[in-house]
């Protein structure tokens, strides 16, 4: 055939039902049967030439069945045997050829066939050679002006691999002069080689993630190997931070592109599969820029059907891979569209006389969304949480003056003289310090140089600390600071005059400890898992566990999630562990940290420079120390001076202490007793080499306490009050984690040091309200500005990443967008933010009963422990007028974090999670106002009664820790005793009550000592009602099975209200977090040990069981550690649930404003990115259009509106009925960095 045929068909225009056509797969056998039924015109033959695995795949069959419904098209599939073994002359004839390369396909023969027969070719064959080489692909993309990650190509000669332009550093590589800092990506140049490696920086834990073609349920694996490959040619490229999701785009011609989101294989390597075992993917809408990219890719590579990978990062879209011919799997709509477009392309090319129009399927935007329900609905739009890091090892510090030339050489080598200061964190740098310490100690052994001799104990400690954890340095654990002192250390009066002290020296400060413990990881991961349940669920089964609503939102790009952390290792690891729980990830924290956690230290958002502490804070510390140095009982003046805010917890601590100096004497003698006990243990050969929690030895524990003993009391007998937080830190750690040592009087030391710390720690952030506010602003102003911008919608609708509603049948709310901003930080920021909320005049206590109750609760809270959370949630009521102040609604929640080691009765309890709002309180409904909502009104009335007649106590509900065991191993059977059912001898409470299985959707009950599991319908959990309503239901059902008399009596009598405040964050961290198969046996064997550690004497054993979970955390180097208690986390308490956005915005503006003038009106209050939530007020509204600007209503109108309208914020919600409104909303997600600059840079 010299040229492509053109078919001219006669005027016959008979209507033929395409459904009557048989599907053409093996046409040769059917020719005779079909002859009479076929139209008289010659058919256009479309030939499919590919390997059998591809041509017989489900997507190909689905599409070919549809293509063969075209009246004039016949499909012929070339058999694999013919393709491989027959010469091209014997291949079937066709008019149009669809042929593509895959493993084992003879592309040369296909090219020869096309040359011989000259058919119309759908996917250009010569370009398929280029697609197999990533270098060529990148070159074409670059020529087309398509954005690519920054990259460099390393070509190696296979015969001489060592000769290449590659210089490898500890945390970077240099390729042809181009430097790539870790994390970076290493891709083989052959596109057929899927072994792509991502290398992580040592600061995040080092190692690499190795990606490969899916094998079962894995697509990548983490490796500790940090060095790049030494053979083969590679492309090195910058790693793009995509928040853990990739987009795969499939074109059919230049004008059609279908896009799907899936979890990035680099995140944890676990392939998410649905109930049919297929990888979970979600269709997303491409923005205009991405559609242009698809158009360019399709035309540049001359591939009509073409797949490529997009990375959405930094507000841009980058192409990182072009795969050539590929179809979408499992989308009927795509199959219809693809067949229609391919058929039209063929007809237009080979039968132009039909004038086939360009028929592109309707865009998503053109499809109307039909509303399904009506009524009052509150829709969660935004969740902002500020969270303290998890349980950590005690922070330790050692200072020494060094004068040896080797230290000066190191200081000079690292450019220390530029600023006079140097911070060494990298393994290579720490190794150099260790080498110097070893060398000096060796010299000391050989001769007595008096200058070095002076520092011998400190040099030994320096060496010991740097040698901890074996040879591998993790930059997260330790750091050395060197400061240049031109005249040596300042002299103290007791020092002899010494001319040498005038010479320059270096102050070496070694900091170590303060790492997140395995218990801290468990806490963070569990809290993340519990946070999931704040988001309403979609229909269908995502992965068979609760909180799937959030996971669906996230993987479909409808969850605009950003996680920020300060630059401390423990904070970053807490954020990564939280993300792991929140997004149901598996594996190591390093890949999660690198991809999901943004460091916020660039703009001072979450970090603070201790050198720049305000003079106010210095004054406060001095006054505090002065008061606590007086050797007398506290007087009325002391109470007045120390507790002007009237804090109940402070007054309680002062009552306990009475005389601060006498209490310090007791603490000092208890520390002396402790150090002597540890020395005694070290002398005992049985326990000399005992391993304590987290690899600590008795020797290190002794050094820790000896240093405190030495530093706490000066030679003149005065106490250093600044050491009290450190003493409390250490004893709390040992009580929780080293209880097995059974050291005497630890609980007494804990009690006294806690009482002192409860005064010192909060009061260091200001004694009077004015001081607290001033110090808080110093720490928190950038964060307050950022929170304010998070609550406003400042992005442009055009850049939105949206789910494609047409393709997403199983998704309830295709246009729902939700914004979550999580800020992980240290104690200082949490104290400061809480001070701002308490003392910054957000509400008036005298006029607002709910706020007064919240302040009373906060006055009782004595410690903001690990995992403290401050949560702000923004709702929208789409039924309210756009200009109404009631359209946007803000709620404020708080949890003081992990419980301490004291009895439960000492724990403060607030009024619960989401108690009835203030407006609802004074109003008893005489009749049901709305026939549609009888249950809601009833429930509101119950809430009102509870608030008026009974204080609400939030009882913890444990979220079951998801064990990595296979499903069959996870369930405790009747004959297998679960470690969770350990009951206290006194019968004062059992673990069982606290692990009522709500989080796993299973009900647990007690029968003797056994646990049986019975499923709770998912409907009662997260799918048709808000998670909280359903938790009430499950808890009340559970009430019949729980045999814990004391707890039940103390709980509210009314089962309906049973746990309406327990909610999400009544999630004490669940124990039994082991991944070891023999846990049950271990718990049975060690039952006695588990319930009576050294820190819990017999009298408090029962309550201890409730306060803690047992964590059998596996340590990377030491196998199983000694068992350790993981403290439960206090439930979230509602501080206020009836704030308007206008009120909150003006408050935040006044705090963030540098001047004292507070603008009375904000120029615009925009709605925020939607967030799915734990509790929807009444019914959840979806798909509302949110205007870019909402002008504040004039005050007069507001009053009347408020008076006339029913508040939508009372009590727990009734069942949530998803709704689809006809109005659309377009919520956007521009880059967060831009968002921050934009909002901090301008004042509203």
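Glycine residues also receive a Cβ, built from the backbone N, Cα and C atoms like all the rest.
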According to Swiss-Prot, which stretch among 733-789, 790-846, 961-1017 corresponds to the feature region 'Disordered'?
961-1017
Per Swiss-Prot, what member of 229, 262, 312 joins 53, 54, 213, 214, 248, 326, 327, 328, 329 in binding substrate at one site?
262
Can you say which of 679-722, 855-898, 899-942 is given as region 'Disordered' in Swiss-Prot?
899-942
Between any two of 53, 54, 213, 214, 248, 262, 326, 327, 328, 329, the residues recorded as binding substrate, what is the biggest Cα to Cα distance in Å?
24
For 237, 246, 309, listed as binding-site residues, tell me which one has the smallest number of other Cβ atoms within 10 Å.
309
Rounded to the nearest Å, what's the C-alpha distance separating residue 248 (substrate binding site) and residue 309 (ATP binding site)? Just drop the number here, would you?
5
For the region 'Polyphosphoinositide-binding domain' (371-442), the number of residues DSSP places in helix, strand and coil:
29 helix, 24 strand, 19 coil
53, 134, 194, 248 as binding-site residues, winner by CB count within 10 A:
134
Give the helix, strand or coil assignment DSSP yields for residue 322 (ATP binding site).
strand
Report, as a single number, how many Cβ atoms besides its own are within 10 Å of the Cβ of residue 326 (substrate binding site).
18
Per-region confidence, the region 'Polyphosphoinositide-binding domain' (371-442) (mean pLDDT, whole number):
83
Residue among binding-site residues 134, 246, 309, 322 with Cα closest to the Cα of residue 223 (phosphoserine):
246
What three-state secondary structure does DSSP assign to residue 248 (substrate binding site)?
strand
